[in-house]
Amino acid sequence: MSPRSRSWSWFWSWLLSLAVLSRALELQELFEFGEEAGDLQLLPGSDTSAALPLNGSLFLFGETFDRVHINTNGFVAVVEPPGEREYLGKMPAGFRMIAALLGDLDNSDGRGKVFFRQESSPDVLRRAHEHIKKAFPRDDSVEPPSVLIITWANMAAQGTSGRGDGLDAKRNTFQLVLASTDLSSYAILLYPRGGLQFLSTSVDGESKLLEAGFNEGLVKGWFRTTQGTYFRITTDEETSIKELTEKTNSGQRGVWVYEIGTSWLFAGITPGMVSSLPEEESTTEPPVTMLPTQTEDYQYVDFSTYETQTTMTTETTTEEFPTETQTEYQTEAQTVTPGYTGPETEEPEYEEPGQYPESETVTPTYSSPERVQPRYLDQPEPRYPEETATRYPISEPPQPRYTVPELTEPRYSPVQPSYPDSVQPRYTNPDPVQPVPPYSQPQHPQIVVVDEDEDLNVNVFAYNLETCAHNRHKCSAFADCRDYSNGYCCHCRPGFYGNGKDCVAEGKPQRMNGKVNGRVFVGNSPSPIELSNNDLHSYVVANDGRAYVAISNIPNSVGPSLQPLSSLGGVIGWAFALEQPGYQNGFSLIGGVFSRQAEVIFQPGNERLSIKQEFKGIDEHDHLVVSTELDGRLPAIPLGSSVQINPYKEIYQYDRNLITSSSNRDYTITSPDGTVQTRSYQWRQTITFQSCPHNEATGVAPSTQQLSVDQIFVMFDADNHLIRYAMSNKIGSVHSILPEQNPCFTGRHGCDINAMCRPGEGLQFTCECAAGFTGDGRYCHDIDECRENPRVCGSNAVCTNLPGTFRCECLNGFVFASDGRTCIEENRPVDHCQRGSHDCDAPERALCSYTGGSAYVCSCLPGYEGDGRVCRDIDECQQDRCHRDAFCSNTQGSYTCQCRPGFNGDGFQCSPSSSEREKTQCERQRESAQASGSGSGFFSFFRPRPAVGQYVPQCDEHGAYEPTQCHASIGQCWCVDANGQEIPNTRTGSGNTPLCINQVVTPPPVGPTPRPDVHPVTPGTHLLFAQSGKIEHVPLDGYKMKKEEAKPLLHIPDRVVIAVAYDCVEKMVYWTDITGPAISKASLSGGDIIPVVTKELQSPEGIAIDHVSRLLFWTDSMRDTIEVSKLDGSQRRVLFDTDLVNPRPIVTNPAYGRLFWADWNRDGPKIEMSNMDGTERTVLVKDDLGLPNGLTFDPDNQQLCWADAGTRKVECMDPHRQLRRQIVDGIQYPFSLVSFGKNLYYTDWRREAVVAVDRLSEKEMEEFLPQKRSRLYGITTTPSQCPQAYNYCSNNGGCSHLCLPRLGGFTCRCPDAADGRCEERNL
């Protein structure tokens, strides 16, 4: 399944580090450095720099760099730095740099040295990844492919060397490690104990403290250039430098980790954040975090400047550790040292995310609250009783979702719950409640008697179909259906919340996708800006209420003016706001289907904007779907302006099917010229929805609730045409009461983003993984329900794993029954031909043709006669089809001809044996080479022999060139085409034989040639594989090959088919042949061959399909290219034509917009990856490869696997984390590979077989040997349903021509032969 999105990459760039006391870093714990580690050295001096090209990209302050400059003075820059007089003592500087410890340093005395190297050894990468993981324990980061290690060892302060006053003996040693993944870059700063012996250096005769931090440098704006951010780790106090070795933000003193840039979203510096120490975590019980009690001296915290102070004050602590950490920012006008402002109000408006009091992990103590309001008290029988333990893996009752001081009415009428023995309810020790009168669930439709109408004078009755028996499928898969006197209602199960029609797991992050349309006027402009299907994406961390929204493809003319409208997508913030005790967010109350109408009036210009939004529930990807319409006018905001929205509160009024709210919101505009304006607008909205009318006992929400929104961030990205919003949301009381301090209600808990925070007494809490995830609550990973319980979906259904859940889909011809989970046969016209329920003769004698409805016709195949239901063989020998000098042998459906003894020929043409067969080109060349070396004289009487050192071509039994030609005298081999011409880049040295494809067409069999069309196959999953002039299919029964049912699918006797691929949407098989050369396709249900690409091809040997974007990719090993086109071959474009030698296999990952391919270049085999638009090309594997022939991608497990004929291994790796493992070794000569479920299937040239390997047990399971033994080429599968995947090009993304997906977006590209009306853009 896909990996989790990293919400913290959207996190606030001003989040302060949390100092955690732990053991100090020792000098020997630095990353290995020195000449023995393979380091390079900086030249001696006091201001020396060295430029170093990077192996990968470095992200810093939102930009990407491929080169760094390492300097003596303790920093790394991304541009060539100026002289030290330009920056020493004058920070912030005008260039971008990472200051590990900046000062006037010197290594010219030979003792001090600056070492650096780029490292990719597994131990070093694992260690760097561990530092990052400790600093960001909730970050699902991947191991970096390489790191840059810079060590300043025994550095002296400039001017102290040789003075003899003791200062020259003081030396500083520190280290900087830069690690980058595909998405972000990290800086790891290491300051060992005793490594900082001086704290200042002399600059222009004045003592200046050393500095550590990140400097953005000058930033070019729309109208002028300004000084960017200077994120300081140290301050103007000496103690801050000493504390670099004594404190930390990553769990070990002296180690500091920062995320310094990402490939998307907000650009900033994010310090590491640790909520507990690894050595203190309990391994047997979930951790409970104790936080100190807050005092009543509440303080208002200014967003621009702040400071974190944390003191350990738990009762078990006997020693007080001051851990004050200061972070200093410099803006254009002034340098600000963060600190608290004075108290301004007795009630805190909001809290900063950086104010985490220091925590201590203690043994949990569970308490039983006197009164508990559970989310649901009634629990009917689970949907899958036999698998309930899988769906609710609870070993002991967790804490309730919230506690309240007084007993309140339950949300739903309580009845005695029914659970399987292995399952416990998801609430703790509630007081007993009185059940409502028992009810009965009707097993049959009820007859409802209607009063007689005097006018009609008839008796009327009707069937009541509003029961669970007929409507259970309308409830969520995570809900139970309950009958009431007037109908039914759906209720989410414990561990889930919503309105029953839509239920989501408690604690699980939620996503929202949709489109934005409308007409918006800006300022006094008479012309509107048209918005058409602009993508809206939103993400919310449900367990702390943080919401993020992005709308793409926004024109610069309207983007800046949209910045004040944070609630445009912020409705998801209300829907999944952090709930305070006794209050419920929008989704808990009304689910995901509702309408929203909002009216905005801007002051002072009185501009008005109308917003209409339709929320359509949870889709198959577990995303909330919304459509948005905008109409009206916005006040103009200049491009380049920033907008700050003040925190606000919004009152929501609740009725049965109606919610209303209104608020006044202030915002501040800072123009590019520095002008500051404060404006406001009035916001009124109405939300309408349909609640379940039948459950009269349902507890309603409080009539009024207050949504508190703070930490609001808005930004228009003009370069990428994106508008972004971020905010924190809480739903609670409208009254000014003492705010809850339990971390579950403040969001300051440190639970995994896929976990629930369960409050306990006081400040105690526990973390519990959401349903569908497993772990300790601090870290949760997805449960693959489909793998753990393969029968969870029942028969006639397919299970698809999703993050935190799974989806069942019925097979073709089946639909869900009224229970919503059982697949029953669909009652609709039947295609008897496809089902195999027709009465036509056997498939080898007759063809069944579907004619619509349930009708079909039978017809005999060529070579047979009859009515189609009974077909008899035609004896072609009675029709004199063979030559008069040949024998005729009749066979079923065909015949063969063979020349009589004394005659040669194919049976259709025979000639006397005295006439010899004409020699082929290969035989003539061989004869010529042998004759030229024989000379004349006595020895020429014997058999000709070539001269020593002369090349003699090798011919096969038919006189054709062998595909592999070798010259023994020079010890080299190479590949040739059908004409004997050498294929470039295939020549190998002694001891190696190239991997050559036989490009000579196999001679046709004696007798008639089968028709070149598809023989229809039966439903189900099949293996398709190529064998010279045909494609065969083998049905699969589960994972077992049904060898006895293997048959040819397609005969192409004049072609050499290499690669095959399958389009699961249109059920078409695609293949490449190198004799055309061409790419062709045909329908799996029968029909003729359709050409796709026939021009500008030389040797197409690999083919892949993106069934979502409807794209075709292929490799050409003679043109050395990778190309893309539409599935019909139109809009063709070359993606890559460099650094390719022998590209062959190619596969796609549509969900991530990724492309993978292998190049079996003997001098440098490799496996590469890129986005489908050709960006982010990178080498995934280059070590321990020989001939990587076969390549396949398993989207369910995100595994890339390959078969190597050189190493004779099958291996797999996770391309995201780049974890590689061997599946089997000692295989013979694999050519092509495909994944299906737990099995891998590959074709083997030497065994001339299809071999099945179990990827889990790492064993070969079986092999299939075709009836005709020859080399097998490409292999693929024909799944009965497409893998569930989505990317931005599913509807061509609004592109005029090619829409090429990539990770997190898509690119509109023009074909190489563009018509001049094509528009290229990145989205």
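Placement of Cβ uses the backbone N, Cα and C atoms for every residue, glycine included.
Disulfide annotation in TrEMBL: Cys973 is bonded to Cys966, selected among Cys966, Cys975.
Helix, strand and coil counts from DSSP across the repeat 'LDL-receptor class B' (1067-1109) read 0 helix, 24 strand, 19 coil. Across 100-263, 782-824, 829-872, 873-909, stretch 782-824 shows the highest tally of CB pairs under 8 A with the domain 'EGF-like' (464-504).
Other Cβ atoms within 10 Å of the Cβ of Cys973 (disulfide bond), summed over all protein chains shown, number 20. All chains included, 16 other C-beta atoms sit within 10 angstroms of the C-beta of Cys966 (disulfide bond). Taken residue by residue, the domain 'EGF-like' (464-504) breaks down under DSSP into 7 helix, 18 strand, 16 coil.
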